[in-house]
Each structure stands twice: as structure tokens, then as C-alpha cells.
Amino acid sequence: MHGPRETLQEIVLHLEPQNELDPVDLLCYEQLSESEEENDEADGVSHAQLPARRAEPQRHKILCVCCKCDGRIELTVESSAEDLRTLQQLFLSTLSFVCPWCATNQ
């Protein structure tokens with residue numbers, strides 16, 4: 001600064017725009033050690049993968065038809081969403097229900 005007030009030329013001495021045509025190398029050249037396993041248990045906590053906890057079962061109401069008399073059957077099941085999907089696949093294939101009346105009379 002050469003006077004009582006600074007000027008823009010004194011503050012900004014040299015600015016050049018970045019050349020956007022030159023590629024920037026973003027690769028990491030870090031090399032890992034030969035051992036695949038690292039023992040990082042200094043705090044006494046094991047960081048091993050634990051199996052996922054199963055979802056809590058929920059109740060589902062299923063309305064279906066008797067395969068003999070076409071009567072309405074209402075079922076209530078308690079299962080996880082995954083098991084309910086399996087049951088749905090059985091319904092779409094060969095599983096059929098028989099109502100209590102048809103089961104005892106035929």
C-alpha cells in the first residue's frame with residue numbers, strides 16, 4: 001500500500017483464470033498393505049458384520065375362496081413381509097383352501 005487508501009491494483013496483484021482444458025488427476029495412488037485383514041480392536045469393540053435382525057412379524061388378513069364350494073374364507077396370519085410374499089407365491093401356484101364345512105362333509 002502506497003497511500004492512505006488501498007486501491008484494487010494493490011490488493012489484487014495477479015489473478016489468472018484456471019485453465020479448464022487441462023484435466024485434473026483425481027485418482028488416488030495410495031497402495032494398501034499386503035494383509036487383507038486389519039486388527040483394529042484397540043477399544044475392545046469387535047467390528048465384525050452381524051447378521052441383520054429379522055423384521056417383527058405383523059398380522060395380515062387374507063380373504064380367499066374355498067376351492068370346493070366357492071365360499072368365502074377369512075384367514076389371519078402373523079408373519080414377516082418376506083414370508084408373506086412366499087405365501088403369496090404358493091397361492092399363485094398350487095395351494096388352495098377348503099372351508100371347514102367342505103372339509104368335514106366331503
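Backbone N, Cα and C define each Cβ position, glycine as well.
If you look up Swiss-Prot, you'll see 1-50 marked as region 'E7 terminal domain'. Summarising the annotation, Swiss-Prot assigns motif 'LXCXE motif' to 26-30 and lists sequence analysis as the type of evidence. Summarising the annotation, Swiss-Prot assigns region 'Disordered' to 33-55. The annotation compositional bias 'Acidic residues' is assigned in Swiss-Prot to 33-43. Marked as zinc finger by Swiss-Prot: 66-102. Swiss-Prot lists 84-92 with the feature motif 'Nuclear export signal', giving sequence analysis as the kind of evidence.
DSSP states for the zinc finger (66-102), grouped as helix (H, G, I), strand (E, B) and coil, give 15 helix, 10 strand, 12 coil. Helix, strand and coil residue tallies for the motif 'LXCXE motif' (26-30), in that order: 0 helix, 0 strand, 5 coil [DSSP]. Looking just at the motif 'Nuclear export signal' (84-92), the mean pLDDT is 88.
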